[in-house]
Each structure stands twice: as C-alpha cells, then as structure tokens.
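K.L.:
Sequence annotations record features per position, and here TrEMBL assigns Mg(2+) binding site to Asp21, Glu208. Here TrEMBL flags Asp21 as active site. According to TrEMBL, the feature substrate binding site maps to 22-26, His38, 66-68, Trp70, Arg72, Arg189, 195-197. Taken from TrEMBL, the feature active site, proton acceptor applies to Asn69.
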Amino acid sequence: MSKAKQEASALVPRHVAIIMDGNNRWAKKRLLPGVAGHKAGVDAVRAVIEVCAEAGVEVLTLFAFSSENWQRPAEEVGALMELFLSALRREARKLKENAISLRIIGDRSRFHPELQAAMREAEQQTAGESRFVLQVAANYGGQWDIAQAAQRLAREVQAGHLQPEDITPGLLQGCLATGDLPLPDLCIRTGGEHRISNFLLWQLAYSELYFSDLYWPDFKHEAMRKALADFSKRQRRFGKTSEQVEAEARQC
C-alpha cells in the first residue's frame, strides 16, 4: 500500500457507533403515528450501512432500543418489537448476500421468545461474514454492560481462577459486550440532542463525538458522508500534545 493510501485509510474510522434519535419527532412533524418514524428510520439504516461499507468502516453499532425505552407507551414498545422482528426476518438474507455479519448486544431476557429466536437465527445466518460487522444494541445500556462484565470477573475470582489484583481495565474491557471488537472511533447522535444516553459508556472514552440536527429518518447518504468527512479532519491525541501526534505521523 502506498503512503498516500495509508494516509487516506487512516482517516476512516474502523468503528462507528450511532444513537439513532428523532424518529418520533420526525413522525410528529408530519402528523403521523410514532411507529411511522421508526419504519422510515429503516431506510436510513440501509443508507448508512451502504456509505460505511463503501468507505471502509469495519464495524457499525446502532443503538436501536435502550434499557430505558421500556418506559415508553406500551403501544409504541409493541410496535417497535413487531418492527424489529419483521426487519430481522426480512434483512438477514440481504446482509449475508452483502457479506455483512449481524451481531445483537444487550440483555435479551426481556424480549419475547419469538423475537429471541429470530435474533439467534439472523446471527447464525450471517455468521462468518467478515467484510463488515453490523452490531445492533437492543435492550442495551452502558451501565448494564459494565455491571455484567464486573459480574463475569467476580465469578472468575469466586472460582479461584483470578485474583482481584489481576483485574485490569483491559481485562474488564474484554468482558464487555463489544469486547472482541475495536473501540468506536466515532460516535454520532442525530436528532439535535447532545448527550450519549447510557450508550457504550466505557467504550466511548476516547471516541470523537458528532452531533447532527437531522432526525434519524433524514440522516442518509449525504449526511453520513458529511460525518465521515468531519471525522477525517479531527486530530485524535489520546492525551498527547498536537506536536507529539504530528511528530509520530511524520515517522510513519
């Protein structure tokens, strides 16, 4: 690979995480029921996957349903579950045809058994595809993720396989739901809100944050390319000075 290509590839995030916000407000603005916004959001998912795959992104994580979303009206939650189920059954084959591996993270125990089975089937159907990983966070919360990782390590200590002083940040990170994947380089939130809402709390420690005023159904090809272009202009220092980062870049 030429130096120019190496520099170009370095500007592309390996892992993009997105908080897909604004579906309800998009629908309300059009005097439509909230579920219409969620359905319209599926087209945005397809567009973002297409742009990310073309750009060379390796992992895309989408925040589909948080552990706090159960507090929403029962009718909306039910419609979301139906939409999730139909999308899994409809899209799994397309994902496999495009060499995309689907992974679902979060606490599945609260979902209906039929939906849990559809999740397993979709993951199995796309398993082994390595061109691109689509990770969907469903009934997920960053606090839950850290807690379940701590519980896994506590069981190892209890079983005598691990000493408490041997627990390191890296060890805990490996027990997170995303433990075998690169950390997110870029986190995008649509809908005009400027917060991360309990999403990937540990993993986003050094992620670049990008906020868009567009509602999720309107965040498509051009908007995603704009976010990637903005990322390419960032200087990621990880605690170092700009001079140190620039000196290291010259040595590559």
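Using the three backbone atoms N, Cα and C, a Cβ is placed for every residue, glycine included.
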K.L.:
Mind giving me a neighbour count for Ser197 (substrate binding site)? Other Cβ atoms within 10 Å of its Cβ, every protein chain shown.
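P.N.:
There are 14 such Cβ atoms around Ser197 (substrate binding site).
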K.L.:
What is the interatomic distance between the Cα atoms of Asn69 (active site, proton acceptor) and Ser197 (substrate binding site), given in whole Å?
P.N.:
11
K.L.:
So which of the binding-site residues is most packed in, judged by how many other Cβ atoms lie within 10 Å of its Cβ, out of Arg72, Arg195?
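P.N.:
Top count of Cβ atoms within 10 Å goes to Arg72.
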K.L.:
Cα distance, Asp21 (Mg(2+) binding site) to Glu68 (substrate binding site), nearest Å?
P.N.:
14
K.L.:
What is the interatomic distance between the Cα atoms of Arg195 (substrate binding site) and Asp21 (Mg(2+) binding site), given in whole Å?
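P.N.:
Pair distance, Cα basis, whole Å: 11 Å.
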K.L.:
If you count the C-beta atoms lying within 10 Å of each candidate's C-beta, which of the binding-site residues Asp21, Gly22, Asn24, Glu68, Glu208 ends up with the smallest number?
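P.N.:
Relative to the other binding-site residues in Asp21, Gly22, Asn24, Glu68, Glu208, Glu68 has the fewest Cβ atoms within 10 Å.
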K.L.:
Return one of helix, strand or coil for Arg72 (substrate binding site), based on DSSP.
P.N.:
coil
